[in-house]
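Data first, discussion second: the structure below is written as structure tokens.
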Amino acid sequence: GRAMLRSLGSLLCLWALWLPAPPVGTGVAARGLDVASYRERVRAMFYHAYEHYLESAFPYDELRPLTCDGQDTWGSFSLTLIDALDTLLILGNVSEFQRVVNVLQEGVDFDIDVNASVFETNIRVVGGLLSAHLLSKKAGVEVEAGWPCSGPLLRMAEEAARKLLPAFQTPTGMPYGTVNLLHGVNPGETPVTCTAGIGTFIVEFATLSHLTGDPVFEDVARKALKALWKNRSDIGLVGNHIDVITAKWVAQDAGIGAGVDSYFEYLVKGAILLQDEELMSMFLEYNRAIKNYTKFDDWYLWVQMYKGTVSMPVFQSLEAYWPGLQSLIGDVDNAMRTFLNYYTVWKQFGGLPEFYNIPQGYTVDKREGYPLRPELIESAMYLYRATRDPTLLELGRDAVESIEKISRVDCGFASVKDLRDHRLDNRMESFFLAETVKYLYLLFDPDNFIHNDGSAFDVVVTPYGECVLNAGGYVFNTEAHPIDPAALHCCRKRKEEQWEVEDLMREFYSLKKTKKFTLKRASDHGKVASAEVTEDASEEKEGEKRKLKKSSHSLLSCPSQSFNSKLAVLGQVFLDNT
């Protein structure tokens, strides 16, 4: 039960910090939006796309919805199936989840001569498999005795991740962008990688290390994060692309969008997942520089990383994740203001163009498309959890209406090639089922298990003792694959996770003098433990008592502050857990 208590304590704490309870009596009723009917429309969207993928495109990576066939895009992994797997469970379809788990075990092979994106393989394949592995038991899959510390999907995730490790063997520890799954990094491979392609591994790789006990994954992810941090400019910004051999910045545009985005996201999510103060303080310092140099009127522009001068007054659709990220650190007012700016662009076009010129208020040449991206909906989902503001449901409604009106075709949903005239592209990216549909569904499904506030949980017995799972506080990777943070405490005995009383007893045993002192606690087998302590060790005993008090507070409970004050000084609360 000891790991269970610690996990539960930190989870409830984490949840309180992460997704706040809204004020009572606000929300849906305010504007009469029929949440249940939109939820069902989202479910129907999912199955229209998913069934046509199975029928017309499987085992290829993606569906081509205009020609009703399939294509391999990011490898050859039946990618849409891996990406959609946890969405099936969120929609409540356990039988199809179980069927797909069997299909993937039999059909997916990573020993193939394919050049794969290190970044995309990690977020879609490794992330999708880890999430599905951790949700298997909930989905009624018969799991192995050692689960969640072993299992077929975990082994597949580990195998895929090992194929990516050669990319990290560089002088800087920053990875190449592409790796051959059979041969490693190709001779002559370009050493230029985007910032996000270097800093978007800690969520998946730390999870892998904690579950498998092999530290190599977390180690390479941390080394890459720290290399980016070390190479930030004097004014605290990072650029867009860097040479991973020489650490010279090749593209020096700094912003929060494409090429950089998920690096910032993973500093925050890595900090939450791992309760890691260093990652959070790195993000908070970046956040200050971003506000100082790139933020204008609640928009974020692109600037030169060394000088801070504006290089592109452009909003990119990928930046729409930022309000959701701000809500995770408790900056809800700023998040809402930026969200409302982005929402005006959506209303102008019925989607977010890839690039939007802010001063001109219009699309940018050759960047008029909308490939059914999730980011604005993702931010709406987080902000709705935090505020219950009905405007956020209205974005969800608009998204459902416009995607159905513009993108729905006989064989699925097609990317929009040009939002000005609604011409379509023959592509349905796997993130449509992994992210866009999932975040829409979660926006309209307040009672989903993903939104669990810690009031329900499962206790699982592992070879390492009991642990708590499914208590909520899920951390989504950047492909919307939820990782249960409690699972990271299931698979290894760490010193700080043992009962403080046991540490006390060790101290007692180590003392040399002989006055009897009996400390009673029912052990796992119902026996009573006793120990000896000296009479004149009262000062040491006092010190131990203080230590016990302090450590039991930090491990088993939250700081005793009202939620509002936590939110207001979240940076300090996170960094100072006293």
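In case you wondered, yes, glycine gets a Cβ from its N, Cα and C as well.
Taken straight from TrEMBL:
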type	residues	note
ACT_SITE	GLU120	active site, proton donor
ACT_SITE	ASP261	active site
ACT_SITE	GLU354	active site, proton donor
ACT_SITE	GLU375	active site
BINDING	THR478	Ca(2+) binding site
REGION	529-556	region 'Disordered'
SIGNAL	1-27	signal peptide
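Each of the active-site residues GLU120, GLU354, GLU375 was assessed for Cβ neighbours inside 10 Å, and the highest tally belongs to GLU375. Cα separation, ASP261 (active site) to GLU120 (active site, proton donor), rounded: 14 Å. On a Cα basis, THR478 (Ca(2+) binding site) lies 10 Å away from GLU375 (active site). The distance from the Cα of THR478 (Ca(2+) binding site) to the Cα of GLU120 (active site, proton donor) comes to 10 Å.
In the shown protein chains, 25 other C-beta atoms lie within 10 A of the C-beta of the residue listed as 'Ca(2+) binding site'. The number of other Cβ atoms within 10 Å of the Cβ belonging to ASP261 (active site), over all protein chains shown, comes to 25.
Rounded to the nearest whole angstrom, the C-alpha distance between GLU120 (active site, proton donor) and GLU354 (active site, proton donor) is 19.
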